[in-house]
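Here's the structure, in structure tokens; my notes come after.
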Amino acid sequence: MIIRSPESEVKIMVDRDPIKTSFEEWARPGHFSRTIAKGPNTTTWIWNLHADAHDFDSHTSDLEEISRKVFSAHFGQLSIIFLWLSGMYFHGARFSNYEAWLSDPTHIAPSAQVVWPIVGQEILNGDVGGGFRGIQITSGFFQIWRASGITSELQLYCTAIGALVFAALMLFAGWFHYHKAAPKLAWFQDVESMLNHHLAGLLGLGSLSWAGHQVHVSLPINQFLDAGVDPKEIPLPHEFILNRDLLAQLYPSFAEGSTPFFTLNWSKYAEFLTFRGGLDPVTGGLWLTDIAHHHLAIAIIFLIAGHMYRTNWGIGHGLKEILEAHKGPFTGEGHKGLYEILTTSWHAQLALNLAMLGSLTIVVAHHMYSMPPYPYLAIDYGTQLSLFTHHMWIGGFLIVGAAAHAAIFMVRDYDPTTRYNDLLDRVLRHRDAIISHLNWACIFLGFHSFGLYIHNDTMSALGRPQDMFSDTAIQLQPIFAQWIQNTHALAPGATAPGATTSTSLTWGGGDLVAVGGKVALLPIPLGTADFLVHHIHAFTIHVTVLILLKGVLFARSSRLIPDKANLGFRFPCDGPGRGGTCQVSAWDHVFLGLFWMYNAISVVIFHFSWKMQSDVWGSISNQGVVTHITGGNFAQSSITINGWLRDFLWAQASQVIQSYGSSLSAYGLFFLGAHFVWAFSLMFLFSGRGYWQELIESIVWAHNKLKVAPATQPRALSIVQGRAVGVTHYLLGGIATTWAFFLARIIAVG
């Protein structure tokens, strides 16, 4: 830590009125580009307009102006998010059965959408219990609302209006910080100040205020709800906040106020800041008192972290020094120069953030079912499946986005002349070794993981079950995973002496938790079937990484095209007379990476869906006998490819295929329509540009013949545009098909 004398004055960090507000540009499509602003000669114009409208790098090379545009656009994004949230809360207030669900969450399903009776589509309003007819929703909003202490639809209404106000505020902020008071480049590059504010403000005070809300509002209200008190009888949130006696009736230590805090007698607060572990047997969710404790602890950590970096007071860490000191005996110059990269290339910064946020999103997916945070979430199987699937897809897209922006950084922002022997340079110099080893790992994983399945299919086909890899023949037990499970199951009393239960029931050892005759969670057994599919996961993830990493490491140059950096981020081929150089741009690697990301995530969500239906989800009788949805068939059926096709895809598609004439029929239509969208993508992916240009020219001839030819000359999509349209429909069709398949199935049987 370096202590310096404080600077004399605080610098002015904004420019006043830098850009006049005017709507004239709005009437000039493509005003950001000299070429596009001329207007359309051919139909390619509209595609270029869409491709470049948000590519601020292509509008100007002034980093300050680019930064301001991005900053302003972020406020627009936040405005849309608030608008969306407002819509969710408004539907909860206006069209939902939230109050009915609150009074009986085990027998009533959440619904917040009622279809109007036009052309007979009111058939979609299924009976969700309690006499309410509507579409069952699986977003988890009801469970979050209950956990945060919302007891009436009026409160949802008020929150919806509040979110609209914030949406308007964000729109105003976006305009204000671009047109009225635009930050200077130095403000965007002041990373210490940014870290302090984000850590202490967003994460620290954000967590602290949430912890405060939970203690003063959520906990008491949920206490009453769990005890079966009618929501209308429960005091309103502000009464708990203003009247300490109300809280003291539930938590006696509240009567002492903040005295225990300042006298360090913190154990007095153990009534509402607990460390129990496991699930609340009433709601099947994490103990809300554990969650409040967690957010308080997180808040303190981040409030401390938000005071670590040196700003106006000359005390604390400087990021540049930290990075430049970061070198080992084998890493050359180490992280020298990384500070300059991350403060001048927003693509590099974004790539890191996307990689971390994507990984974090996938971690969230896995914790939502293993440690269900909200009341009654664990027994709402449709919501559990939806939340897992949603967070897996989002995480996958963010990670591909990380590779995309890393490659854009390499092409547009990386300056090889100023970098020598730092870590990035060293990685680039031995990229051949990295990629060829990774390629070998992919080949090994692919042949061996798939080979185990093929062996099982062959033995099964030949009637030799004793020679298959299975829990009842040749066992391949995941011993390391089982060891980790066991370690966690034994942790309470050993490595975590204060906890009464392990972090998650899935680890094993503990009993199951059932709510309203449905299993919330129980120890998840792992066996040969999981061992096999986990190696498919390893394979698909490694191939995705191979494609994306190759795209980044070879974005500027390769043996095939040494001057690739001059061709840009996306280009079809290295010009005429250079055969075999198509589809090598960094963009094409992102394109291919998306398909493998889709493969990887599909296998994960299929595994999750079947495993949970087979080994976790189900009903429990009065005698304590658990009946799983698919009766534990995962261990024996999923060890062959045939089993996946027959007992998962085909057997579980029966609900969506047979949904016509029922309230689930919309899923049947979506299943069909999304298959169609997916098939439509193949038309773009499997044919060449010349084919379409030829077709278009004969169609134009016909139009000329009839004297109805348009002024704008029709053109086939460029190669890159065609692939972009193709991959978009492939992913959209595939994801929507999976969504319809999953939801029709789980709403019918769950």
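Each residue, glycine too, has its Cβ placed from N, Cα and C.
Only residues 6 or more beyond the boundaries of the transmembrane segment (70-93), in the same chain, are considered here, and those with a CB under 8 A from a CB of the stretch are 54, 56, 112-113, 139, 141-142, 145, 153-154, 156-157, 159-161, 163-164, 166-168, 170-171, 173-175, 177-178, 183, 188, 346. Swiss-Prot lists 70-93 (among others) with the feature transmembrane segment.
The transmembrane segment annotation in Swiss-Prot covers 156-179 (among others) and is backed by sequence analysis. Residues of the same chain lying 6 or more positions beyond the ends of the transmembrane segment (156-179) and with a Cβ under 8 Å from any Cβ of it are 17-21, 68-69, 71-76, 78-80, 82-83, 85-87, 89-90, 92-94, 96, 98, 145, 150.
Taken from Swiss-Prot, the feature transmembrane segment covers 195-219 (among others).
Here the transmembrane segment (291-309) has long-range neighbours at 147, 191-193, 195-201, 203-208, 210-211, 214-215, 218-219, 272-275, 316-319, 373, meaning same-chain residues at least 6 beyond its ends whose C-beta is under 8 angstroms from one of its own. Marked as transmembrane segment by Swiss-Prot on the basis of sequence analysis: 291-309 (among others).
Proximity of distant same-chain residues to the transmembrane segment (346-369), defined by a Cβ-Cβ separation under 8 Å and at least 6 residues beyond the stretch ends, is recorded for 66-67, 70, 377-378, 384, 387-388, 390-392, 394-399, 401-406, 408-409, 412-413, 521, 608, 612. The annotation transmembrane segment is assigned in Swiss-Prot to 346-369 (among others).
Positions annotated as transmembrane segment by Swiss-Prot, on the basis of sequence analysis: 385-411 (among others). Residues of the same chain lying 6 or more positions beyond the ends of the transmembrane segment (385-411) and with a Cβ under 8 Å from any Cβ of it are 138-140, 341, 345, 347-348, 350-355, 357-362, 364-366, 368-369, 544, 548-549, 551-552, 555-556, 565, 568-569, 586-587, 589-590, 593-594, 597-598, 600-601, 604-605, 608-609, 612, 735, 738-739, 742-743, 746, 750.
Listed as Cβ neighbours of the transmembrane segment (433-455) (distance under 8 Å, sequence separation of 6 or more from its ends, same chain) are residues 427, 468-469, 476, 532, 535-536, 538-539, 542-543, 545-546, 549-550, 553-554, 639-641. Among the features that Swiss-Prot reports, transmembrane segment is placed at 433-455 (among others).
According to Swiss-Prot, the feature transmembrane segment maps to 531-549 (among others). Sequence-distant contacts of the transmembrane segment (531-549) (same chain, six or more residues past either end, CB-CB distance under 8 Å): 399-400, 403, 434-435, 438-439, 441-442, 445-446, 448-450, 452-453, 456, 469, 476-478, 481, 589-590, 592-593, 596-597, 599-600, 603-604, 607, 638-639.
In this structure, Cys582 ([4Fe-4S] cluster binding site) belongs to neither helix nor strand by DSSP; it is coil. Residues annotated as [4Fe-4S] cluster binding site in Swiss-Prot: Cys573, Cys582.
Among the features that Swiss-Prot reports, transmembrane segment is placed at 589-610 (among others), with the record citing sequence analysis.
Sequence-distant neighbours of the transmembrane segment (664-686) (same chain, 6+ residues past either end, Cβ-Cβ under 8 Å): 123-124, 126, 135, 655-658, 717, 722-723, 725-730, 732-737, 739-741, 743-744, 747-748. Here Swiss-Prot flags 664-686 (among others) as transmembrane segment, drawing on sequence analysis.
Within 10 Å of the C-beta of His675 (chlorophyll a' binding site) there are 15 other C-beta atoms, taking all protein chains into account. Annotation source Swiss-Prot lists chlorophyll a' binding site at His675, citing sequence analysis.
Under the heading chlorophyll a binding site, Swiss-Prot lists Met683, Tyr691. According to its DSSP assignment, Met683 (chlorophyll a binding site) is helical.
According to Swiss-Prot, the phylloquinone binding site annotation covers Trp692. Under the three-state DSSP scheme, Trp692 (phylloquinone binding site) falls in the helix class. When other Cβ atoms within 10 Å of the Cβ of Trp692 (phylloquinone binding site) are tallied across all protein chains shown, the result is 17.
As annotated by Swiss-Prot, transmembrane segment applies to 724-744 (among others). Within the same chain, residues 138, 382, 385-386, 389, 393, 591, 594-595, 598, 602, 605, 609, 652-653, 655-656, 659, 664, 667-668, 670-671, 673-685, 717 sit at least 6 positions outside the transmembrane segment (724-744) and bring their C-beta atoms closer than 8 Å to a C-beta of that stretch.
His675 (chlorophyll a' binding site) is 25 Å away from Tyr691 (chlorophyll a binding site) when you measure Cα to Cα.
There are 10 other Cβ atoms within 10 Å of the Cβ belonging to Tyr691 (chlorophyll a binding site).
Cα-Cα distance from His675 (chlorophyll a' binding site) to Met683 (chlorophyll a binding site): 13 Å (rounded to the nearest whole number).
Here the CA atom of Cys573 ([4Fe-4S] cluster binding site) lies 21 Å from the CA atom of Met683 (chlorophyll a binding site). All chains included, 13 other C-beta atoms sit within 10 angstroms of the C-beta of Cys582 ([4Fe-4S] cluster binding site). Taking only the Cα positions, the spacing between Trp692 (phylloquinone binding site) and Cys573 ([4Fe-4S] cluster binding site) is 18 angstrom. Figure note: comparing Cβ neighbours within 10 Å for the binding-site residues Cys573, Met683, the maximum is reached by Cys573.
Long-range Cβ contacts of the transmembrane segment (589-610) within its own chain (Cβ-Cβ under 8 Å, at least 6 residues beyond either end) map to 369, 385, 388-389, 392-393, 396-397, 399-400, 403-404, 407, 533, 536-537, 540-541, 543-544, 547-548, 550-552, 630, 634, 638, 644, 648, 652, 723-724, 727, 730-731, 734-735, 738, 742, 746.
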